[in-house]
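*Asks:* Let me begin by handing over the structure; questions about it come next.
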Amino acid sequence: MGAPADRPWPGTEAEAVAEQERIRRAADLASPGPAPGEVDRIAGVDVAYDPGSDLTVAAAVVLDAATLEVVEEAVHTGRSRFPYVPGLLAFRELPGVLAALEKLSAPPGLVVCDGYGYAHPRRAGLAVHLGVLTGLPCFGVAKSPFAFSHTEPGPRRGDSSPLLDGRRDPPEVVGRALRTRSGVKPVFVSAGHGIGLEHACAHTLRLTPRHRLPETTRGADGLSRRVLAEIARDRREPRGAARG
DNA sequence: GCGACAG
DNA sequence: ATCTTGTCGC
């Protein structure tokens, strides 16, 4: 898994920060984007990491937007080349994700990321970055509030509260804490490239008929983990004549 | 300077 | 992200 052919991949944190400034300037942060019903295929992407090595498996799972059934899957195995640094997650995850997306027979109409988009120190989180690199509408659904603040949303599914960046003088709304299941901890939704917060939240609710997390991220998470476990097993119990 | 901080 | 068992509930 390499870097995207047309953009330099940073080797240092300073370069990564500079690249994020460029990504933000290139991003479409204003379009309302596709509403539910206006896209046929929605993809979820995620990456699994091997604790004992630098092996990674990225997965892209495409769902039928109406039935939420899996219609296509793709994976890409590679090696992590960038450490996890809060605020720079995209540089660790995107190379593999891009490679997996390219293996799909056709690009999806929308991509859901496991992490943030606009809700980011430089407004260039994973979903914004992936959107700029692919040109696809893309938003983020994260499991924890990162460095942002929020008040507890109402207790029922669909209730929400603003996610705020308190590091700004007038605290800015960067996303939404959204309850996808009654009585269960909310998820944190933020806009990305080519889709606004309103539609991102609407899609998130459509994608969570029965679980806290969207079916897209559940699918991608499960697939990347299964493939990684498979590779790890084959290493311990080699099959066939292949070796080394 | 230190801590917190998506995955 | 990953290491980790059983348990409670829909």
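Positions of Cβ are set from backbone N, Cα and C atoms, glycine also.
Keep in mind the model is a prediction, meaning the values are calculated, not measured.
Grabbed the feature section from TrEMBL, which reads as follows:
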type     : residues          : note
BINDING  : A:Asp46, A:Asp114 : Mg(2+) binding site
SITE     : A:Tyr84           : site 'Interaction with target DNA'
REGION   : A:149-171         : region 'Disordered'
COMPBIAS : A:153-171         : compositional bias 'Basic and acidic residues'
*Asks:* Could you pull out which residues elsewhere in the chain have a CB under 8 Å from any CB of the region 'Disordered' (A:149-171), counting only those six or more residues past its ends?
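*Replies:* The answer is 119, 121, 177-183, 186, 188, 190, 201, 205.
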*Asks:* State the three-class DSSP label for A:Asp46 (Mg(2+) binding site), counting H, G and I as helix, E and B as strand, and everything else as coil.
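*Replies:* A:Asp46 (Mg(2+) binding site) sits in a strand per DSSP.
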*Asks:* To the nearest Å, how far is the Cα of A:Tyr84 (site 'Interaction with target DNA') from the Cα of A:Asp46 (Mg(2+) binding site)?
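*Replies:* Between the alpha carbons of A:Tyr84 (site 'Interaction with target DNA') and A:Asp46 (Mg(2+) binding site) there are 14 Å.
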*Asks:* DSSP on the region 'Disordered' (A:149-171): how many residues come out helix, how many strand, how many coil?
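*Replies:* For that range the per-state counts are 0 helix, 8 strand, 15 coil.
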*Asks:* Are there any residues in the same chain, six or more apart in sequence, whose C-beta is under 8 angstroms from the C-beta of A:Asp46 (Mg(2+) binding site), and if so which?
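*Replies:* Expected: A:Ala58, A:Ala59, A:Val97, A:Asp114, A:Thr217, A:Ala220, A:Asp221, A:Leu223, A:Ser224.
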*Asks:* Hey, what's the Cβ neighbour count for A:Asp114 (Mg(2+) binding site) at 10 Å?
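*Replies:* By my count, 25.
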*Asks:* Could you tally the C-beta atoms, other than its own, that fall within 10 angstroms of the C-beta of A:Tyr84 (site 'Interaction with target DNA')?
*Replies:* 11
*Asks:* What three-state class does DSSP give A:Tyr84 (site 'Interaction with target DNA')?
*Replies:* coil
